[in-house]
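The structure under discussion appears below in the form of structure tokens.
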Amino acid sequence: MAQNVKILSTGRYVPDRVLTNYDLEKMVDTSDEWITQRTGIKERRIVDGTTSTTDLAVRAAKNAMDKAGILPDDIDLVIVATVTPEMFFPSTACLVQKELKLKNAFAFDISAACSGFIYAMAIATHFIQNGFCKNALVIGAEALSRITNWSDRSTCVLFGDGAGAAILSSSDEQGILGFELGSDGENGLLLYCHAFGLSDVTYSQVKENPNFRKIYMEGNEVYKFAVKIMPYAVEKVLEKVGLSSSDIDVFIPHQANIRIIESAAKRLKIPMEKVFVNLHKYGNTSAASIPIALDEAVEEGRIKKGDKVVLVGFGGGLTWASTVIKWV
């Protein structure tokens, strides 16, 4: 019989530096009004020159571990979802393991962009259900400012840096009810970032055009994908666990764009008062978006024991993912 799994605790960390829309007005041809109306974003957090993705991940993880009162020796799995590792190897997860002295854990990264945290949750859940481990540290961490083209006004207004974490543990009660995961590689080049040195991108190309290795996005196409796939992913996972959208107490979508969030909520007939939104403060933090929002929702008392919570994300790949959680 499969072991039940619950979220034991959550944590987050964002850098101190705030980059406002008014700051961006001085960098590119844009305005606070233009950004706010089209995205809902007012500001975002940006790392300084010495802070790495690992640093962000470690702080979020430590926050989650402190809340749970769990010892380093009790963590036996670490998964980091990121598209901005500072090294190809060792993995960010192994670097986190080193910093937090998680000597009994095995550790690895996954790359699923903004869907990555839920992908990582699904992997950790199945490891725990099958008795392979008991306590998994799952982290979404990004330093997107390092791969943002700060001269492209259509994308530089969107992204921010940060990390969120959750500890998943075996439980007598069933907390995590189910998942829906998917991908569409056929349309992967609607949103991408080159890995210089490992593909057809040469050093000379990057030297001539530093923005060659930055985020590229066909915004209109990604928007059309997002407004369809988020409701689809939620409907599929609810169907799997025998629930309907009216059963949802708290809806936490990937924090990419307020118009996408409002469209998804409307299609699902979920009132906005059940939707948790914090993108006005942080922008799109990719894999960190959902765990940061989840931790804030818990901290603010938006999630109570017994609540049914839906998380859903979409991102580069193209990918999508959703999960239903009963808060126990």
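Cβ coordinates are placed from backbone N, Cα and C, and glycine is handled just like the others.
In sequence order, His254, Ala256, Asn284, Ser286, Ala287, Ser289, Gly313, Phe314, Gly315, Gly316, Thr319 are the residues of the chain that are 6 or more apart from Cys114 (active site) and have a CB within less than 8 Å of its CB. For the recorded site, Cys114 (active site), the DSSP three-state label reads helix. Annotated active site per Swiss-Prot: Cys114 (among others), in sequence order.
Among the features that Swiss-Prot reports, active site is placed at His254 (among others), with the record citing sequence analysis. All protein chains shown were included, and the count of other CB atoms within 10 Å of the CB of His254 (active site) stands at 30.
Mean per-residue pLDDT, taken over the region 'ACP-binding' (255-259), amounts to 98. The region 'ACP-binding' annotation in Swiss-Prot covers 255-259 and is backed by sequence analysis.
Taken from Swiss-Prot, the feature active site covers Asn284 (among others). Its Cβ taken as reference, Asn284 (active site) is surrounded by 23 other Cβ atoms within 10 Å in the chains shown. Taken residue by residue with DSSP, Asn284 (active site) is part of a strand.
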Discussion item. For the region 'ACP-binding' (255-259), give me same-chain residues lying six or more residues beyond its boundaries with a C-beta closer than 8 angstroms to one of its C-beta atoms, as numbers and ranges.
Written reply: 38-41, 114, 158, 223, 226, 277-280, 282-285, 289-290, 292-293, 314
